[in-house]
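Everything on this sheet refers to the single structure shown next.
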Amino acid sequence: MNYQQQLANSAAIRAEIQRFESVHPNIYSIYELLERVEEPVLQNQIREHVIAIEDAFVNSQEWTLSRSVPELKVGIVGNLASGKSALVHRYLTGTYVQEESPEGGRFKKEIVVDGQSYLLLIRDEGGPPEAQFAMWVDAVIFVFSLEDEISFQTVYHYYSRMANYRNTSEIPLVLVGTQDAISSTNPRVIDDVRARKLSNDLKRCTYYETCATYGLNVERVFQDVAQKIVATRKKQQLSIGPCKSLPNSPSHSSVCSAQVSAVHISQTSNGGGSLSDYSSSVPSTPSTSQKELRIDVPPTANTPTPVRKQSKRRSNLFTSRKGSDPDKEKKGLESRADSIGSGRAIPIKQGMLLKRSGKSLNKEWKKKYVTLCDNGVLTYHPSLHDYMQNVHGKEIDLLRTTVKVPGKRPPRATSACAPISSPKTNGLAKDMSSLHISPNSGNVTSASGSQMASGISLVSFNSRPDGMHQRSYSVSSADQWSDATVIANSAISSDTGLGDSVCSSPSISSSTSPKLDPPPSPHANRKKHRRKKSTSNFKADGLSGTAEEQEENLEFIIVSLTGQTWHFEATTYEERDAWVQAIESQILASLQSCESSKNKSRLTSQSEAMALQSIRNMRGNSHCVDCDTQNPNWASLNLGALMCIECSGIHRNLGTHLSRVRSLDLDDWPMELIKVMSSIGNELANSVWEEGSQGRTKPSLDSTREEKERWIRAKYEQKLFLAPLPCTEFSLGQQLLRATAEEDLRTVILLLAHGSRDEVNETCGEGDGRTALHLACRKGNVVLAQLLIWYGVDVMARDAHGNTALAYARQASSQECIDVLLQYGCPDERFVLMATPNLSRKSNSRNNSSGRAPSVI
């Protein structure tokens, strides 16, 4: 075992010890809090539940299950629209539940293969597969919905992520297309040919179509994957030989038993009425009482025998707290946690690099053991031993840094980076239907010899003569998928010629460019004691003549916002590119995970991800509103539309009076903004702004920026394609009042696009005085209220009785409208709302021959 593997194992062990030992202090804290519950009956009921949880934890499978009981570990991945949660629930309970679980779940069930019982561990992953997941599974089920294109494309992304962490030829794969969501209004979009092509691309894995509503092929999927795992193990045993045969039971994974997060109440089985044979929160053990599971061990010097107080029954595996000092015990726990290396982030990349000293006069280069962790921190230590002991180390927070390679100009940022947190949309910017995976030696090629904009190559591992495996990598961050780049030892590649931008960080870049890279800077001319060749052939102006000289520059620099620099050097340029790419990905991930300091009412991360996903699910939002680029990640708030990053830059130049641009990934999203975006969408927006564009060619992904800018300015600034007004009999302001009262969103958008500030502020009449904002707030419609404010309605306006729109929002009990009005400076005056006459809701346009304005409520 090499030292990196040993280090990773050691870190994983320490993390598991920390997790395990963190449980009983929390349980003790619950017992102490229970003493504050004054009602005895409630106190005892809660205590019994805590005791049951405690006993279930201490009697988990790693402590009780015999080693003769084998385990099968199955991972299930797919985005929120894939239907994977319904698939698992149907298999476990025999019933159908439509809701998808964003956080996934952990489940256990007995399964019989070839007459032998196995403990089936099912891990429903809430997001893309990570390294821990990839190393844990025995097999993976990829799930997509037959009516959802994005969930289909997500499988390519998740497969490539798996290939980054593990050789996919080692584990069985199964592809599942779910039919649950198909209906007359929601037709199938993934035909059988495309689905089977995907199964061939995924190393010719088995493909099933399932329906959780009535159980089609559900049992068959899990039975097949279990049989594949058993067959793979037998094959491995035969290949190893009798002297090194594998044990009957694989090592028990503490991760599975420890991270049981989802609790599902078992329902009646198919025809028996008894409890189902699975449990998602405790291991499947024989039906034995808790007392029978306990073994009284005589006290010894090494094994303390704690005694529970009657009023505070606690697990006999935990030490007694009777008479102990809570502060001392807490300190003891902390010190013990420190001794096992608690709190250390697990590195995602590590190795020896040269670092240039920033203090010494000669700026000498010294060896450092460098680690990059998934928390966005890069650390370096004088040696591996110092890292293991966690001494003499220094950290670099990558959040406010960028990484540079001397002598190379940063390429144009590539487009189609998608949100991390949104499980359904993964930012797949290209059509991946042309993907091909070659069966020989894990290499991957596209459909043709040349790079294609629509082709993406996936790979698992590249074999090397020394028996080691070289892992592939891409420019995508933890939950993102961007246009991959062609790197010497990369396995994920696509054409970068169409790339325009990146979601959040300009430092994310491709490694190739259609143009020659500029020569290295004079910094590369310094002699390094570890350099194999000298790069001294620079011209007087610091320019180099050949590309080979540029590649000999093995240095990369991390630069902070404060101007501080850290110089590192690798041994090969492949290693340098790998470090640069990994650091760029962590910079992007850090930017996307940082919380805004604005004091806004934000949703939880999970609910916000679901809310943003609802925006992406709006009709037309899978493509840019102006150029049809796939998976746009930028929004125009007042237009209610999504766009690509290049078009968003053009929209910014229009001014906020025409387009208010915001990033889906990087900016705050209060509820009122989410409601606006999830109420309009690109299809509705273009039905207003592009209705008159017949015969005109709309820009595409391949169009130049100038072509896109001409289209956007003609569309929004000159309003050349805007739909005509629906009615000319009444003034625009009166039509706006009517449309607001009827909550006709499309008409309101159209009238606001045509209207001026004066027309938007027109009132119902002298005896009424209400503006469209008053009417929107009376309805409690925060979407219309927000749109009216953006288009210039006066939030200070009062009706004939002196009431502002805030009074109407309070009457409607619409906290969202109240918050928006206060945010824009509406006076917080709590007057008693004076009634205004309720006029007929029906339009008088047909019978109104005198030209009176249409009445509103």
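A Cβ is built for glycine as well, from the same backbone N, Cα and C atoms used for every other residue.
Note that the structure is predicted; figures quoted are calculated from it, not measured.
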Among Ser421, Ser476, Ser593, Ser663, which is the one flagged in Swiss-Prot as phosphoserine? Ser663
According to Swiss-Prot, one residue among Thr303, Thr836 carries the annotation phosphothreonine; which one is it? Thr836
Segment assigned the feature region 'Disordered' in Swiss-Prot (from 407-431, 682-706, 757-781): 407-431
May I ask you to indicate which of 624-647, 720-743 is given in Swiss-Prot as zinc finger? 624-647
For the repeat 'ANK 1' (768-797), provide the mean pLDDT of the predicted model. 91
Please list the DSSP helix, strand and coil residue counts for the repeat 'ANK 1' (768-797). 16 helix, 0 strand, 14 coil
